[in-house]
Amino acid sequence: MTISDKIRIYELSRDLNLENKDILDAAQKLSISVKSHSSSISAEEAKKIKNLINKKNSDKKILSINKPSIKKDNFKQNKSPSISSKKETPLKDNSNKKPLLIKPLNKPESVKIISNQLQNSNKPNIVNTSQSRANLTNTNINSKTSQNLNQDKKTFENNITPPIKSPAKPPIQLIAKPKNINNNVKSNESSQNISSAGDNRRLSNKPDQNTNKPKTKNYDSKIKTPELVGAPIRREDPKINPNKQNNKQNIAFKQTGSNRIGSPNRPGMPNNRPGLRNKPSDQGRPGSFNRQGNPNRPGMPNNRPGLRNKPSDQGRHGSFNRQGNPNRPGMPNNRPGSKFNGQNSSGIRKPVSPNELLQLQKNNNSEKDNKDKNNNAKQNINGPNQKAKAPNMRPNATPSSKKPPHRAFSNSSKKPGKTDWDDSAKLEALRSKNPQKQRQKVHIIGENDDSLTSETSGYSGEKISILSASLARPKKEKSEETKSQKSIKQFKKKKKETTRQRQKRRAMELKAAKEAKQVRPEMIIVPEDNLTVQELADKLSLESSEIIKSLFFKGITATVTQSLDLATIETVAEEFGVPVLQDDIQEAAEKTVDMIESDDIDNLIRRPPVITVMGHVDHGKTSLLDSIRESRVASGEAGGITQHIGAYQVEFEHESQKKKLTFLDTPGHEAFTAMRARGTKVTDVAVLVVAADDGCRPQTLEAISHARAAKVPIVVAINKIDKEGASPDRVKQELSEKDLIAEDWGGDTVMVPVSAIKKQNIDKLLEMILLVSEVEDLQANPDRFAKGTVIEAHLDKAKGPVATLLVQNGTLKSGDVLAAGSVLGKIRAMVDEHGNRIKEAGPSFPVEALGFSEVPTAGDEFEVYPDEKAGRAIVGERATDARATKLAQQMASRRVSLSSLSTQANDGELKELNLILKADVQGSVEAILGSLEQLPKNEVQVRVLFSAPGEITETDIDLAAASGSVIIGFNTSLASGAKRAADANDVDIREYEVIYKLLEDIQLAMEGLLEPDLVEESLGQAEVRATFSVGKGAIAGCYIQTGKLQRNCSLRVIRSEKVIFEGNLDSLKRAKDDVKEVNTGFECGVGCDKFSSWIEGDVIEAFKFVTKKRTLSQ
């Protein structure tokens, strides 16, 4: 098909005079793929769309025929006869018919009125299409109606109850009671409406006899399935009583149950409207629609107590039941201009339609309820003196001047035939094709409708009691339903709140019980040096509110999701008694690389065990190792503490055989955590040294966690048993709380009490170490390239980069090319712990190696490669990763948070202390950097611009001079020319040998950058005992009670315990002489330039401001 055969959507909409969305909707229903109004479709598809739209237009034409046939012009014409009939009716007839108020059923005139009405109503004057449609059934219905009317007259006269037959003396008390009066008025109305109601019901139950239209069956089939619910209607039993007399008697009572008049017969409309109920134009045609809430079911009487049938809407041609205003059976449509209204006006003034009563019309179509209501109605028909129930009483209401268009019309100036009815009819017709369940609409009648006056109710000139609208509405049903709904809502709401509160209480109880049962963890691990408040609370088994409260008291405002740095985490954890371990340190303690490979299995031999000595500082680790080595290493260490990892190999004779043991001595100071972790990473057996007089300390617990992370056995050496106050059992008790139970207590942990100074039980300790190592079955393959770990590394000014290596597998030889991390090296020389040069080193042998291109990182694994090319390729990849990691660390260190920015904005520019750090070995650099991170940084920030192992060079001096930094040297020396360059550039160089002193000086330097605080210092107190006027001012004669007064000091005047003045003391005299100060017990004169209102009894407090040095803790 060519493009010329294509048609666009907007062209088709223009041809059909429709909107684009209508065409798109039609295309969607026909499953034609279109996207927008500019989409193209084929001519065949366009034809399908046109057919569908033409079909819809044909349905709309049917709806336009079914509109209300009475137009405004016709309505005006129909209105005049009712007015004329009203005027022509003589008022004197009311006096003759006044007894009808009490017993209207006994008067035959009521039947005559009905017959006259029916005769007069046989003069139709229907306009437009309603006439042609009414003629279809009028011929059949009129004959049937006349027969039924004659039968109704006879039946009505024969079935009048005897108590109603006394017309002479109407009881006066019934006039005063609104219920009986209304009941009588209803009975009078029933005499006028009985024939139309009865015939209407009978004809509606026999649609096939009255019309030959096949659409009536369609209506019956549609109505016989009452799926929908509607307004509460008091109906009779759905089975019509074959005894028509009793049936009519019931109908008469039900119609007299409220002050309603029958359906008005408008002039020009046929009176036999009951026959028009089954017309296909209204009930059977596709365009008609009965509201979902109230279907007219055949066989079900539409006469509820107190409500008349409404034949006007059922029989009117072209009428339809709008959803907002359904045709409810028994609801009259009192339209102005009705001929019947003219008849009624001759005897009784027309009461207003009960549609306007204030009530909620709700659904009640159960047959059981209808039977109960009908039985109540039959009991009420026994006589007019019997009281009727309140729900059946319908008072006359004043018609409101303005009513919603969906209500029934009363005798007011409101005209029917609103245009919005036509639109709703089209909507309902479309919905009737695809019926679906619709939400029931409840409409509330206007509040003005329940105002009752004597002008609209009862006989003319007669006083009548007014019934309140609250009594007229169906109390029982409405109140019970509303009350039940409210009670259910209240119950549900109360239940929901109670459940929430109960769940909250249970959760709190569970948490309290959990906290009571939980024990604080031995140690927490901090991943990546930060944790959120919630994560820290979970690790500490605490509520997050406890962490936030602890931080608040420290001056830190935090939320649950805020991240905390390592220093803050350690501070909070220490408050709750839990030590902190960094995650990278934990990972450093784990053995990540398996030194034994599958190719080594055939050549494995036993190797010496590697033993790491660990414990708290000053617990005697190095002294114990000295006793084993029979040397004096500890005495030669700075400050008497170990600040390096020492690697030693010892020969020990066991069972007539010489055994080699390799010992690693780790620092016990808290700053050397990373060193301890590296020690456990390469160890085979961990020796935990605990002082018998000190017990378990934080570093002891940390060492235990390292050993467990490395999954190595632990041998406990309880040292210093020779000291006073030593208690080995107390140490065992504390260790048992950490799941280290001694063998003599039934556990599996070897514990040996020793004395390093007196060398007690040293041999026993070595035997236990060998026994444990034999159980581990330690093996290695010496016939391969060496693999191992860098224990320590430093830069020697004479030798260059030097690394302490521990060979774990294979044999390391001079001249081997090795890669340690991202550093490539070729072994030039190897030295053992005694300083002797060796050619090769086997498994478990520690050596110092020279020949690296730069200082390797302590803790890295090294491996020997066959040639330099292979090693360089590996090093290049590792160097790239190392640079990325270093850059990420630098970016993290420069990270600025909003809190730090706000601090700088409030307190001015943040002060910084720039440092350049040089140390002897890499481990010392790590320890110092870790300690600096833990210093308070609220007001002073420490920035380490450069840190490396090695001596201080001129390059370091130049960098310090350019950045204003201080150079920190730790166990290192100055290169040649560095001292002269430092003096020339005025660079401060500080050298330290002990880490304690280094950290103290840095903290003092940070405090020196803080501005001092001004603190008030009290000088003395004096009392005013006399006042003297001098010129414009006044002098206070004072007596010094305590301290002294100084000239130009600050003072405050206190009167009646309130400060009334604060300023400077400008004049101080003793007798007539000016003095600088006056001490306690003397009198003096005090004068202030800005204060002269002295009164005897005033107290003068003298003080001055002094500066106080601030500390970082503040």
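Glycine too: its Cβ is placed from the backbone N, Cα and C atoms.
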According to Swiss-Prot, which stretch among 151-158, 615-622, 655-662 corresponds to the feature region 'G1'? 615-622
Listed range which Swiss-Prot flags as region 'G4', given the options 519-522, 719-722, 723-726, 947-950: 719-722
Swiss-Prot annotation (region 'G2') - matching range among 590-594, 640-644, 935-939: 640-644
Helix, strand, coil: count each for the residues of the region 'G4' (719-722), based on DSSP. 0 helix, 1 strand, 3 coil
G615 (GTP binding site), DSSP three-state class -> strand
State the non-local partners of the region 'G4' (719-722) in its own chain: residues 6+ outside its ends, Cβ under 8 Å from one of its Cβ atoms. 619-620, 623-624, 689-694, 728, 753-758, 760
Starting from the Cβ of D618 (GTP binding site), draw a 10 Å sphere and report how many other Cβ atoms land inside it. 16
Return the count of C-beta atoms lying within 10 angstroms of the C-beta of G615 (GTP binding site), excluding that atom itself. 28
Looking at the binding-site residues K621, I721, which one has the fewest other Cβ atoms within 10 Å of its own Cβ? I721
Stretch-averaged pLDDT - the region 'G3' (665-668): 62
